[in-house]
Amino acid sequence: MLVVQMPFSFPMAHFILFVFTVSTIFHVQQRLAKIQAMWELPVQIPVLASTSKALGPSQLRGMWTINAIGRLGNQMGEYATLYALAKMNGRPAFIPAQMHSTLAPIFRITLPVLHSATASRIPWQNYHLNDWMEEEYRHIPGEYVRFTGYPCSWTFYHHLRQEILQEFTLHDHVREEAQKFLRGLQVNGSRPGTFVGVHVRRGDYVHVMPKVWKGVVADRRYLQQALDWFRARYSSLIFVVTSNGMAWCRENIDTSHGDVVFAGDGIEGSPAKDFALLTQCNHTIMTIGTFGIWAAYLTGGDTIYLANYTLPDSPFLKIFKPEAAFLPEWTGIAADLSPLLKH
């Protein structure tokens, strides 16, 4: 059957168009009102569950961070401590931008960065840490915790040693530069079979240790004993010396065996070269300070360190426990405290 379609009514078309237009305008206004309301809402920190230890890694609640103070060795200690304590307590860890700027050019660190603009809006609970692990640190309350202090002790993170070593893996170009230098070294015309990194901390410690902490820095006698310790145990070796007092080292380290090279540049503001050289060696001689401690920790092998370098009544021993700083398998050589006793 043929159906004849009537032409669309002109008034009806206008009516439908009017309804469509009004409906569209109303819908758009409602959407804009919702968007504006979202913009006007204050940024809030979400209310988080206190049972985060039972959650998976992707569900960790809260935010923990740590102060970024001191130079390279200090900030490595702060990073590793934050890494370990956050994992122990089931909280996500974030590092300050300043710490990232110090560590990221050298190491393949993985913790996310907390920028200062964000950090300033968080109601932090400051939590001071001693320089050694305490039982109470296994159960730290609070979702937004900022650690303070200078923690640098294997007692915090040694149970995660492989993970810490992974975090402090050198970038390829940093490692290769150090290895290229070491490959070019010779002892009496032949390539050495054993490399011993030597770090001599001087700088401000030369004055701070005796005047503030009733202590000493490494002297000529200690370094001679440390070098001889390795010479008695290894053949075909070379000592790779780095220091922030290289002129003193050149005058006080015996080079008559032909097995000592003064390699580091001693520039504290850019320590990557010296640190990389030390960690690419097989063994370590350190004096005092976190730079040497971390070099020895990452290197492995045998480590000789300066022991008993303060008087028994030193205030330094209230904030520093030698047994928490030096691994049990490391070998200490006692410092000569006689210069302190003369005053």
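Glycine is treated like the rest: Cβ placed from N, Cα and C.
What Swiss-Prot records for 1-14 is topological domain 'Cytoplasmic', and it gives sequence analysis as the kind of evidence. Marked as transmembrane segment by Swiss-Prot: 15-28. Annotation comment: Swiss-Prot describes 29-343 as topological domain 'Lumenal'. Annotated N-linked glycosylation site per Swiss-Prot: Asn188, Asn282, Asn308, in sequence order, evidence recorded as sequence analysis.
The two recorded residues Asn308 (N-linked glycosylation site) and Asn282 (N-linked glycosylation site) have their Cα atoms spaced 25 Å from each other.
Looking at Asn188, Asn282, Asn308, the glycosylation sites in this record, the fewest other C-beta atoms within 10 angstroms of the C-beta turn up around Asn188.
When the Cα atoms are compared, Asn188 (N-linked glycosylation site) and Asn282 (N-linked glycosylation site) turn out to be 20 Å apart. The DSSP secondary structure for Asn282 (N-linked glycosylation site) is coil.
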